[in-house]
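Okay, so here's the structure we're looking at.
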Amino acid sequence: MTQTNDKLVIAGREFDSRLMVGTGKYADFQQMVRAIEVSGAQIITVAVRRVNISDRGKESLLDHIDLKKYTLLPNTAGCYTAEDAIRTCRLAREAGLSDFVKLEVLGDEKTLYPNNEELLKAAKVLLAEGFTVLPYTSDDPIVCRRLEDMGCAAVMPLGAPIGSGLGIRNPYNIQIILESVKVPVIVDAGVGTASDAAIAMELGCHGVLMNTAIAGAKDPVAMAEAMNCAVRAGRLAYLAGRIPRKLYASASSPLTGIIG
């Protein structure tokens, strides 16, 4: 399978790019727009709290995003209870943003780890109300399977804490999740550089979502291009199939016909 016909499919929607990007922490909107363009991403996540829903007459980041070109993924960043997350998603829908949502329910301000108990409660309500839910969760295979069983369109386990740049800290759990669920697995949080994104894709993940790794780089536009290449390279390497790891050497040239 080539990358030409290798689509990411979420809830029946097809995407050519497996990289999803956020919109926060950029120096200005112009830098954000350029980085998004270079990243090749088609799904753009936006914190509902950062969108001026009450006064659309004021400048908003949505003024700089071509909604005909990109799929908007409103997120519930900053929510610490199921009730708050549910209310935020309803606001996004009422404002005409989308019912295709990234659900976050955080446990505390220090780690920004997900509160899975509250996450499951929020997901149940939102799914019943017809939302397409993509939940940010821990790298717990059991929780991911429960989210899939509930009807979530994908699961989004963290690679490491949000904004930490620590990379994929527990690839073994990610592999177990990949074996445990049939919906797309998208690594969300922890990516720091291009090699981290490539590793996630080489493991077999269906996509990677990031913000700080690009927006916080010295040159966000250059990093966006690097992430674009890394995600595509990692996916292609996964499809190609790596050679098995072995303890001892294996000659790459035939030993027959050796002189002497």
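Using N, Cα and C of the backbone, Cβ positions are placed for all residues, glycine too.
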Item to check | According to Swiss-Prot, which candidate in GLY163, GLY204, GLY234 joins ALA189, GLY190, ASN211, THR212 at the 1-deoxy-D-xylulose 5-phosphate site | outcome: GLY163
Next on the checklist: If I take the Cα of LYS102 (active site, schiff-base intermediate with DXP) as reference, which of the binding-site residues GLY163, GLY190, ASN211 has the closest Cα?
Outcome noted: ASN211
Checklist entry - Looking only at GLY163, ALA189, GLY190, ASN211, THR212, the residues listed as binding 1-deoxy-D-xylulose 5-phosphate, what is the longest Cα to Cα distance in Å? => result 10
Item to check | In the chain carrying THR212 (1-deoxy-D-xylulose 5-phosphate binding site), residues 6 or more apart in sequence that have Cβ under 8 angstroms from it | outcome: GLY22, LYS25, ILE162, GLY163, GLY165
Checklist entry - So which other residues, same chain and not among GLY163, ALA189, GLY190, ASN211, THR212, have a Cβ within 8 Å of the centroid of the Cβ atoms at the 1-deoxy-D-xylulose 5-phosphate site? => result PRO161, ILE162, SER164, GLY165, VAL191, MET210, ALA213
